[in-house]
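Below: the structure, in structure tokens.
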Amino acid sequence: MNVAPLTDLVTDVKADAIVVARFENEPLDGPIAAADKALGGLISKMIEFQQTSGKYAELRTIFAPAGLSAKRLVLLGLGDRETFHQGRAMAACGAASRNLAAEKLDRVAFYLPNDLSNELAAAALCGALQGMQGQDLYRAEKKINPCGELLWAGDAEAIRIGAILGGSVNLTRRLVDEPPSAMYPETFAQIAETVAKDCGLEIEVWDQEKLTAEKCGSLLAVARGSVKPPRLVIMRYQGGPAGSAPLALVGKGVTFDSGGLSIKPTDGMKTMKCDMAGAATVLGAMQAIAQLKLPVNVVGLMGLVENLLDGDAYKLGDVLTARSGKTIEVLNTDAEGRLVLADVLNVALDEKPAHLIDLATLTGACVVALGTDTAGLMTNDQAWCDQVKTASHTCGEAAWQLPMFPEFGDQIKSEVADIKNVGAGRWGGAMTAAKFLEEFVDGVSWTHIDIAGPSFVEGEKTWTGGGATGAFVRTLVEVAAAQGRAS
Ligand code: BES
Ligand code: MN
Ligand code: ZN
């Protein structure tokens, strides 16, 4: 979708629709005041008769608005200015654009209040772009139709950033929304190669042979149950000084999780194409970081496997030797994400990172604990976790920290091997999984983000028709930007 800056007055812009946003309980000002004047005070009358209040994500459409060149005017509520943040900017504009995307429109224009910060405006544009990409990739009659051109009134820098963020969030969403038989380790890696080429990123793709030579026994064991060979993608972006330690982003890329021999029931399996959302989030973030030319060094690592079952699948009771040399007793083949990440985190250590973040749709237990909208944060370095938390807060992406008490680590001790891949029972599963990962980061500053809840929605939200959300792409970009500002 083409995004173009808009300099026309609200009355003059020739478009199929114009969206004019305003805060609740504020006098009409700027573009909306101009529209009201052209309409002979209609908007003021609507407010007087309590037909519109400007409350958060409220939409009111006026067709064939007199005095305007556009075919329709959409009034969008932003809610209370005091509680407004990037997440609300994103979702409100997403709601408006999703509403318009029900029809095939050519030109859609957005006017936000003139005094929004560039950060809020960029998040709003990102949301508008998100609202125009649906999960109906394979429907003949699309429910969501991107418009031909999105016109955006505002600062050129905000438009540049918002368009990049929207493009990257939508890349992540599309990768996750693709069916698992289309998106498997090799096809994901090919897309990563294309992204790397387009953005000038350095890329390395490890195939089965290389992974074997590198002794990635833990990742390879999971991959053995599938005829699709695994891949490990390593992307490097150098925007900071040569030799300065990079930020490492690690993503779980299980392109389909059947559970393996510990097979999932249908209800648990039907959304498991989303189990590569961690890797897709890392790829989306790497694209945005490179396009924004952030002054920081970042390496992205994506561990790609399919967790299926066949005659050679890994078994309960198997003992794996991870790349780090640690031995792992397998007691549940559905706890596969941590086995993949064990080796990818170890490869990440070769990059001598200053800090590590991993993203994974790791546990259902995290969703039980925090609900579907909130990611779980777990760490071995409180100061680093606080920086990740601050970034997620800035972006309006919900995250909440869970404890890493040593007792959770006791649960993954094994009688047979160094550790086992599940805790003592189902309770506290998000933390026992994180304790397992901690075994593979060698004390390097690390934060784990369990995105099992927020990465994928089964129902509808105001700003998305369901499917992949692209959650935490913006947070990763903000973490990298903050690193750049600090150096
Ligand atoms: N991919 C799942 C976790 C998941 C669940 C992601 C729901 C998204 C939505 C993961 O591989 C898994 O199966 N975890 C098990 C762990 C258990 C076997 C210790 C789980 O959560 O049940
Ligand atoms: Mn699993
Ligand atoms: Zn999984």
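Even glycines carry a Cβ here, placed using N, Cα and C.
A TrEMBL annotation is a machine prediction, not a hand-curated record.
Features as listed in TrEMBL:
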ACT_SITE  Lys264  active site
ACT_SITE  Arg338  active site
BINDING   Lys252, Asp257, Asp275, Glu336  Mn(2+) 2 binding site
BINDING   Asp257, Asp334, Glu336  Mn(2+) 1 binding site
DOMAIN    332-339  domain 'Cytosol aminopeptidase'
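Taking the features listed in TrEMBL, we show where each one sits on the structure.
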| residue | record | Cβ contacts under 8 Å, 6 or more apart |
| --- | --- | --- |
| Lys252 | Mn(2+) 2 binding site | Asp275, Met276, Ala277, Gly278, Ala279, Gly303, Gly337, Val340, Leu341, Asp358, Leu359, Ala360, Thr361, Leu362 |
| Asp257 | Mn(2+) 2 binding site | Lys264, Met269, Met272, Asp275, Asn307, Asp334, Glu336, Gly337 |
| Arg338 | active site | Leu362, Asn421, Ala433, Phe436, Leu437 |
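For Asp334 (Mn(2+) 1 binding site), other Cβ atoms within 10 Å of its Cβ number 19. Highlighted here would be the recorded positions (Lys252, Lys264, Asp334, Arg338) whose C-beta falls below 6 Å from ligand 3, but none qualifies. Each of Gly253, Val254, Met272, Met276, Val305, Asn307, Gly337, Val340, Ala360, Thr361, Leu362 belongs to the same chain as Lys252, Asp257, Asp275, Glu336, is absent from that list, and has a C-beta within 8 angstroms of the C-beta centroid marking the Mn(2+) 2 site. Contact annotation for recorded positions (Lys252, Asp257, Lys264, Asp334, Glu336, Arg338) versus ligand 2: Asp257, Asp334, Glu336, each with CB under 6 Å from a ligand atom. Ligand 1 lies under 6 Å from the Cβ of Asp334, out of the recorded positions Lys252, Asp334, Arg338. DSSP assigns Asp257 (Mn(2+) 2 binding site) to a strand in the three-state reduction. Secondary structure of the domain 'Cytosol aminopeptidase' (332-339) per DSSP, as helix, strand and coil residue counts: 3 helix, 0 strand, 5 coil. Taking the centroid of the Cβ atoms of Asp257, Asp334, Glu336 as the Mn(2+) 1 site, the other same-chain residues with Cβ within 8 Å of it are Val222, Val254, Ser258, Gly259, Gly260, Ser262, Lys264, Met272, Asp275, Asn307, Thr333, Ala335, Gly337.
Of all the Cβ atoms in the protein chains shown, 30 others lie within 10 Å of the Cβ of Glu336 (Mn(2+) 2 binding site). DSSP gives Lys252 (Mn(2+) 2 binding site) a strand state.
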